[in-house]
Amino acid sequence: MKFIIKLFPEITIKSQSVRLRFIKILTGNIRNVLKNYDETLAVVRHWDHIEVRAKDENQRPAIRDALTRIPGIHHILEVEDVPFTSLHDIFEKTLPLWREALEGKTFCVRVKRRGKHEFTSIEVERYVGGGLNQHIETARVKLTDPDVTVNLEIENDRLLLVKGRYEGIGGFPIGTQEDVLSLISGGFDSGVSSYMLMRRGCRVHYCFFNLGGAAHEIGVRQVAHYLWNRFGSSHRVRFVAINFEPVVGEILEKVDDGQMGVVLKRMMVRAASKVAERYGVQALVTGEALGQVSSQTLTNLRLIDNVSDTLILRPLISHDKEHIIDLAREIGTEDFARTMPEYCGVISKSPTVKAVKAKIEAEEEHFDFSILDKVVEEASNIDIRDIAQQTEAAVVEVETVTGFGANDAILDIRSIDEQEDKPLKVEGVEVVSLPFYKLSTKFGDLDQSKTWLLWCERGVMSRLQALYLREQGFSNVKVYRP
């Protein structure tokens with residue numbers, strides 16, 4: 001099988017040296033993402049495209065899907081690479097591939113050619129188009145706005161029959177820009193802002209301020225791991241968790257009610273800046289949008305920024321909430337965000353929307369900053385690739401099984417789309433579908449006399465959810481890994 005990777009247009013307008021560097025980085029990213037799919041896979045870079053070749057046909061859908069989620073790729077052409085001897089030979093190889101798709105449709109032929117030939121691209125379009133029109137009675141040529149466009153590429157003595165075109169996510173390859181640290185909460189905003197910086201070529205590390213115990217951290221780890229695994233797995237990244245409950249307690253005790261929200265955000269920026277400096281990260285990323293809540297007015301944002309020299313990026317600053325939710329749905333984080341626990345440890349009854357610097361600094365004089373230093377020093381830092389292993393260790397009391405007993409039932413916790421694409425069928429046992437994002441509210445409605453074997457494709461989500469259900473008091477759960 002062969003795929004032709006077309007570059008994001010902004011890459012092609014760079015200077016020669018920058019363009020070559022971007023293409024080289026993108027080629028490396030593709031290799032890193034695809035290396036586990038096929039050992040024979042080859043990635044070859046060219047000036048205007050990248051080729052991916054593999055032999056394992058069973059991996060075709062997985063490779064194609066993975067390519068559509070790598071930043072820097074505009075679109076992917078799935079092609080059949082065959083030799084040809086003449087114009088008529090090109091037509092004969094095109095006809096069987098496109099006959100069914102063109103029946104009853106209008107069409108045109110578009111050709112791109114590289115190398116020296118006795119014919120022009122237009123001559124190929126006319127010859128092949130005329131032949132298809134003659135041999136498919138219900139098809140009709142239409143050069144403008146046709147139902148189907150037959151795309152052919154000719155490279156020297158090889159014909160690339162384009163079997164399908166798939167859109168990528170665009171942007172710049174990860175690694176072409178410097179690292180950033182995303183302040184992730186698991187909600188709509190922070191997930192989308194993290195994705196936007198990945199798409200712009202940054203390696204995104206994650207910093208989580210835990211205000212709500214283990215269950216909250218498990219949920220946020222799921223979001224971070226999902227984003228990394230889906231869009232950024234070409235690079236190693238960190239997940240830093242800071243226990244912020246002592247800081248919240250100090251704020252509640254020492255800070256005036258109206259100033260609490262801004263002071264909390266300033267403490268978070270201070271802590272995140274220390275983490276960023278420790279790991280050589282150039283900027284922080286937040287999901288703040290102008291005017292969305294009281295701490296996100298221009299006055300308050302300026303005061304929050306003032307506590308650190310570290311650059312703070314806010315990619316969603318002008319976005320509406322509805323648009324942010326649409327983006328979350330598009331990238332697959334909406335379901336996580338909708339079910340994420342909300343912890344409102346610091347909510348002022350009358351929060352200020354126009355904080356005064358002198359008042360904020362006066363309130364912060366009451367704060368014991370050794371508490372902030374201590375929680376930053378004690379912050380946990382893990383490689384995001386180890387989240388699965390750490391979760392496995394954390395749920396050691398939850399048995400992992402390869403088979404099932406008479407009183408067992410399998411619980412498929414994948415998303416609805418995944419279940420529809422690949423339905424789980426196991427003989428001899430009941431299989432029940434309950435997406436992971438409904439477990440917190442719906443698991444208790446299931447037959448609790450049964451033992452439920454949680455299953456997902458990679459096993460990460462099932463282990464995370466097993467730990468969550470254990471914490472909620474359910475002992476009748478196991479992890480199913482056949």
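Don't overthink the numbers, they just go from 1 along the chain as shown.
Cβ from N, Cα, C; glycine included.
Per Swiss-Prot, ATP is bound by L183, I184, K265, G287; the candidate from Q134, Q296 named for the same site is Q296.
Taken residue by residue with DSSP, L183 (ATP binding site) is part of a strand. Around Q296 (ATP binding site), taking its Cβ as the centre, 20 other Cβ atoms fall within 10 Å, counting all chains. Distance noted between the C-alpha atoms of G287 (ATP binding site) and C456 (disulfide bond) is 29 Å. Each of the recorded positions I184, C456 was assessed for Cβ neighbours inside 10 Å, and the highest tally belongs to I184.
Sequence-distant neighbours of K265 (ATP binding site) (same chain, 6+ apart, CB under 8 A from its CB) are S295, N300, I304.
The shortest Cα-Cα distance from C456 (disulfide bond) to any of the binding-site residues (L183, I184, Q296) is found for I184. Around L183 (ATP binding site), the same-chain residues six or more apart in sequence whose CB sits under 8 Å from its CB are S190, C207, F208, F209, M268, A272, L284, V285, T286, G287, listed in sequence order.
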